[in-house]
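Working notes, beginning with the structure itself.
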Amino acid sequence: MGFYSSHGESYTDNLIGTLLAIFGNFLVSISLSIQKYSHVTLAGRKDQRTFYHAKTWWCGFVFTCIGESANFASYAFAPLAVVAPLNAVSVLTSSILGFLFLREKSKPKEFAKHYGLIILGYFITSGGTYLFVSFGPNSHEKLQAENIVRHIVGWPVLLYLLLEIIMFCLLLYFYKQRRANYLVVILLLVALLGSVTVITVKAVSGMLVLTIEGNMQLDYPIFSVMFVCMVASVVFQARFLSQACKLHDSSLVMSVNYILSTVFAVVAGAVFYLEFNKEEVLNICMYVLGSLLCFLGVFLMTKNRKKPKIFEPYVSMDMSNGVPTIHDKGSAVQPDFNGSFSYGTLVNNDGVAPAPLPANLEQPVVSARTADASDRKKD
C-alpha cells in the first residue's frame, strides 16, 4: 500500500518539486531562445551550415534536456496542482527575454502604449504564481505501484476517464470529419491528451524516484502501462499542437493552450490523486484566485506580441528623376527618392487586380527638353 508523507516531509517534498519546476521551465525558455538565436545566426551567414554543427544550438539542446529532466522530476515531489500552473514561468521568462533583447527604443508615451500591458502581465503572473504555490495542496503521496492501481480502479477515475474518452472522440470527429479547425477544438484535444500525460508522468516519475531510493517499482506491469501511455500521449499532443500553430496565431495558441492545459491538469490531479481532499475552503479559493491571475497575466503578455509583416510591395515613381522604388507598406526596400505618387502593385497576396490610375495621371509626361525642341521647330 502507498502512504502519505508526514507534514514536514510533505512540505520539503513540495518545496523541492516547486523549485525543480521553476528551474526547469526557466532553463527551457532560455534554451529555446539560444536555439532560435543559433538558427537566425546561421541563416545570415554565407556558408550555410546545418544547425547541429553550431555550438550555440548544442548549448541550447543541453539546456533543454536539463530543464525537461527537472520538470519530469518535479512531478515526483509536488502535486500536479502546483507543478502544472508553473508553466507560466516559461512564458514569463520568454517574454522578458524578448522584451529585453528585441524591443525598440521609443518615447515614454509610446513605450507605455506598446509595453504597458505586457509589464502589467509580468506583475500579475508573478503575484498569481506566489498565491497558488503558497495556498496549493500540501499533502504528498508516495506513489507505489499498488497505490497507483488502486487509484485507477476507483470509480471517480473510471468515470473521469470515460468522460474524457467520449469528449475526445467527439472533438476528433468534428475536427477530422467536419473540418472544424477552430482553435478551441484543437487545443481541447491537446488539453485532454495533456491530462493523460501529467497523470502518467507523475506515476512514472514517482515510481522511478522510489526505485532510486531502493524500493523497486519497475518490475510491476503498471509501470510499463503508464510509460507507454505517457509516450503515446506526448507524441499525439505535440502533433495536435503543431497543427494549431500552423492554422492560428502562435501567441494566441500559447495563451489558450496554457489556460486549457492547466485547467485539465489540475482537475486530473484532483480526481486521480485526490490532491484537494484535505485542503480547506479558504486555501482552495486562494489557489483558484492565483491560477486566474496567472491566466490573465499570460494573456496580457501574449496579447500585444508583434505579428510578422506580410510583404505586399508597391512601386513609387519620382517624377523628376524617373527612379522606381519598391516599398513594403510604406517602408522603402530600395533607396527612396521621395517619389511623388505610386502606381499599382507588383505582387498582391490577395489576388486582387491593381487599381487603375486616375485619369489625370495616365497622360504621358512632357519633359522640358521636348518642349524646347518643339519651340525651336516653330521658330
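Each Cβ is built from the backbone N, Cα and C atoms, and glycine gets one as well.
Residues or ranges marked as region 'Disordered' in TrEMBL: 355-379.
Per TrEMBL, transmembrane segment is recorded for 15-35 (among others).
As annotated by TrEMBL, transmembrane segment applies to 56-78 (among others).
According to TrEMBL, the feature transmembrane segment maps to 84-102 (among others). Counting residues 6+ beyond its ends, the transmembrane segment (84-102) has Cβ neighbours under 8 Å at 18, 21-22, 25-26, 28-30, 32-33, 115, 118, 121-122, 125-126, 128-129, 132-133, 198, 254-255, 258, 261-262, 265-266, 269, 290-291, 294, 297-298, 301-302, 305 in the same chain.
Among residues of the same chain six or more beyond the transmembrane segment (114-133), those with a C-beta under 8 A of the stretch's C-beta atoms are 18, 81-82, 85-86, 88-89, 91-92, 95-96, 99, 103, 106, 286-287, 289-301, 303-304. The transmembrane segment annotation in TrEMBL covers 114-133 (among others).
According to TrEMBL, the transmembrane segment annotation covers 153-175 (among others). Under 8 Å from some Cβ of the transmembrane segment (153-175) lie the Cβ atoms of residues 181, 185-186, 188-189, 192-193, 195-196, 267-268, 271-272, all in the same chain and six or more residues away from its ends.
Marked as transmembrane segment by TrEMBL: 182-201 (among others). Non-local neighbours of the transmembrane segment (182-201) in the same chain are 72, 75, 80, 83-84, 164, 167-168, 171-172, 174-175, 226-227, 229-230, 233-234, 236-237, 240-241, 243-244, 247-248, 252-253, 256-257, 260-261, 263-265, 267-269, 272-273; each lies 6+ residues outside the stretch with a CB under 8 Å from one of its CB atoms.
The transmembrane segment annotation in TrEMBL covers 221-240 (among others).
Counting same-chain residues at least six beyond the ends of the transmembrane segment (252-274), those with a Cβ under 8 angstroms from any Cβ of the stretch are 79-81, 84-85, 87-88, 91, 137, 141, 151, 156-157, 160, 183-184, 187-188, 190-192, 194-196, 198-199, 202, 241, 244-245, 291, 294-295, 298-299, 301-303. Under the heading transmembrane segment, TrEMBL lists 252-274 (among others).
The transmembrane segment annotation in TrEMBL covers 280-301 (among others).
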Chain residues outside the transmembrane segment (280-301) and at least six past its termini with a C-beta under 8 angstroms from it: 81, 85, 88, 91-92, 95, 117-118, 120-137, 254-255, 258-259, 262, 266
Residue numbers, six or more beyond the limits of the transmembrane segment (15-35), whose CB comes under 8 Å of its CB atoms: 51, 56-57, 59-64, 66-79, 82-83, 86-87, 89-91, 93-94, 97-98, 133
